[in-house]
Amino acid sequence: MAKRIDVSGLTAYYGSHKAIEDISMTVEPRSVTAFIGPSGCGKSTFLRTLNRMHEVTPGGRVEGKVLLDDEDLYGQGIDPVSVRREVGMVFQRPNPFPTMSIFDNVAAGLRLNGSYKKSELSEIVEKSLKGANLWNEVKDRLNKPGSGLSGGQQQRLCIARAIAVEPNVLLMDEPCSALDPISTLAIEDLIGELKERFTIVIVTHNMQQAARVSDRTAFFNLAAVGQPGRLIEVDETERIFSNPSVQATEDYISGRFG
């Protein structure tokens, strides 16, 4: 079930370095929210705070709150691993497990999180591959290595792996940046389908992509070099690209910087 994310007063650190500062926003369920902004503005860091992946980096910590349908993801006693089951992630470069078959790649998270009969696993793997629009391309070679697929197919395999555990939210960190235009189109079409089931947040440097796939867009920027990233503006995507409220947003979208 897709869930709403409410962020309030979020500041993230890596050791003594303040990466982002005082971010507050809401991500609506069953929608696509795009994060845009120049390199180094903190959009990927912020994305990672939404499922506590930033804590994998030594010294990663936050102040503020992230609520998933009123559940505090940073509350006392909350297991980060359980958070990542609810809030899945797809990374910039396709990263199928290289020694695993296509089937085992999709089933990996399921096996980690519980005990399933083979028939149950087969049913979920098929459903997930169909959900990622990959089933018809791989159904006759499920025992072959996932690393043998094309780049676009590998990324869809990673999406199938992420949705197999039925998360509430799906985070995507530049999921098309390493793909060719045809594969990018396939992923964008898939995002449009997945938002019917999941809350989706995507980081992208491609503003045309943000305009195509998202319902809402958030623009991040730095006040100055060496300063933490900040959320400058968030609104309906159509408004952000046609009539932004902040001059810096218009300057970035029009190509004056970034």
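Glycine residues also receive a Cβ, built from the backbone N, Cα and C atoms like all the rest.
Annotated features, as they stand in Swiss-Prot:
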BINDING   Gly37, Pro38, Ser39, Gly40, Cys41, Gly42, Lys43, Ser44  ATP binding site
DOMAIN    5-247  domain 'ABC transporter'
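Swiss-Prot feature annotations superimposed on the structure.
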| residue | record | CB count, 10 Å |
| --- | --- | --- |
| Gly37 | ATP binding site | 26 |
| Pro38 | ATP binding site | 15 |
| Ser39 | ATP binding site | 9 |
| Gly40 | ATP binding site | 15 |
| Cys41 | ATP binding site | 24 |
| Gly42 | ATP binding site | 24 |
| Lys43 | ATP binding site | 27 |
| Ser44 | ATP binding site | 22 |
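What surrounds the ATP site, by Cβ distance within 8 Å of the Cβ centroid and not counting Gly37, Pro38, Ser39, Gly40, Cys41, Gly42, Lys43, Ser44, is the set Phe220, Asn221, Leu222, Gly229 from the same chain. Classification of Lys43 (ATP binding site) by DSSP places it within a helix. According to DSSP, Gly37 (ATP binding site) is assigned to coil rather than to any helix or strand.
Here the domain 'ABC transporter' (5-247) has a mean pLDDT of 95 out of 100.
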